[in-house]
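K.L.:
Pulled these from Swiss-Prot:
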| type | residues | note |
| --- | --- | --- |
| BINDING | C20, C74, C77, C80 | [4Fe-4S] cluster 1 binding site |
| BINDING | C188, C243, C454, C458 | [4Fe-4S] cluster 2 binding site |
Amino acid sequence: MSAILSADDLNDFISPGVACIKPPAQNSDQKFNSLNENGEVEIQIDSEGNPLEISKIDGKQTNLSPAQISLADCLACSGCITSAEEVLVAQHSHEELIKALNEKVDNNSTKVFVASISHQSRASLATAYNLSIEEIDKLLINLFINQMGFKYIVGTSIGRKLSLINEAQNLIEKKESEFDGPVLSSICPGWVLYAEKTHPYVLPRMSTVKSPQQITGCLLKTLAAHELGVTRNDIYHLSIMPCFDKKLESARPEKYGEQNTSNDVDCVLTAKELVTLLEQHSDKFQLIPPQAHTITNSAIPVVDLYSKCAPRTWPLVQYSWSNDSGSASGGYGYNYLKMYQNHLIMKHPTKYQQEGFSIDYVKGRNTDLTEMRLMYGSEKLASSAIVNGFRNIQNLVRKLKPTVKPGSTTGKGNALVARRRARVAGGITKASSPAGSDESADASKCDYVEIMACPNGCINGGGQINPPEDVSEKDWLSASLEKYNSIPLLDLAAMENVDTVAEIMQWSCLFREEFGVSENRLLKTWFNEVEKPTDSASILLGARW
């Protein structure tokens, strides 16, 4: 191993910052008072431990309020790569959920609780409790509706299908205009934060289509509020997700829709945290209650339960917990290729026949890098890639870094690095493919890249339940993947489901018209290049991670 490369460099996990560099905010009144009334001041602690601001001119004392850092602050800060752990725990924890539930009872408030749960979280829970997907779904519905008092619980399938369809349609439009790829997915908040804070030059390539979590949140809050005759602010939306970074995504401020700027998700818990909640409050809540056998063996079809626990106007309720084809992160890369195939068949029926298409899989240097190529005979028509894990992401963004303009000077070290990379790249190509062939996976040359920060993608998210001591991580992951793949499928990419795709999109348009929700508000996100700190103190604090 090279002297400049240690084992620590191979770890995909990015530790949170131990110190926050964001200064406490002051409103204009506070600033005016401090500067103009008190003049020069000093901070002292009184006998009760409270901070005081004391004027050196007249001795006037002013109580200081505690500084608070929110998740939205973390999104706008470059002090650390990911969020401060304390912020996540404080604002998105099972304790906060229990606190909110108790406040509803104690204060007799009008707050209504609703929940959505991801495919990967269901698979993780089913694996941990050794149950089928249908059994775990029935028990989850019983837990949230009958025990915790939630009004609705839905799967994230409709939100994901809207995300998949819009992603594919946007790519097809770009493809036909001969765009300069690749487009990079943005449904992984860990990857998005990394790009915003460290590689802003890739932001123009990022897809602006929202993730299933956020689309589901907008639909669920809007429909629930309308049916119950309350405001969106009266709806408390809990989302069960496979990844802790989803907490940060839920806090990203809405840029579109002046009338609906409130968060679509109020609390994000992972499957791991849900288990912790159940362990700490086993006297009140049980996923596996004494009558569990009666619940799981009920003669009521699970599809009827999906309908019963969803808002009355929830779309395509029979498919609202269904799965999608492709990877266990949602299948974005695969669905783009298949939908583009369907587009070509419908647009050029005499030129393209379904039986002439195939998808070739080209492996990369490791199992977390795969390229998929849509072929018609021997002709490559489109391509996408799956890039999982921080190391593969780093390699991709290096390749996408803008080249140095002609005439500009570069340091000797940079030139040496460039030559070294070129040698390495050339060696890899020669070793993995015959001379002159195009068999080496290269995500940077694809139309689209499905990017997830976690190795193995969302099914292996940091919030998934850990394996028992006697089970290897590899076997546990395989078991979770098997559960995930057992979720009933509604394959949007299948030619026979083209009408279903049209139905989903038509319903989306009607929803936006009826409730005055713009297309951007429902479906589009945005990115922000985070400026790096320039003062030495902030740089020093931000570097300690």
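Cβ coordinates are placed from backbone N, Cα and C, and glycine is handled just like the others.
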K.L.:
What's the number of neighbouring CB atoms sitting within 10 A of the CB on C243 ([4Fe-4S] cluster 2 binding site)?
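P.N.:
Step by step: centre on the Cβ of C243 ([4Fe-4S] cluster 2 binding site), count other Cβ atoms within 10 Å, giving 26.
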K.L.:
What other residues of this chain sit with their CB within 8 A of the center of the CB atoms of C188, C243, C454, C458, the recorded [4Fe-4S] cluster 2 site?
P.N.:
G190, P242, D245, S329, M452, A453, G457, N460, G461, G462
K.L.:
Under 8 Å Cβ-Cβ from C458 ([4Fe-4S] cluster 2 binding site), six or more apart in the same chain: what's there?
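P.N.:
Listed in sequence order: S118, Q120, C188, P242, C243, A328, S329, G330, M452.
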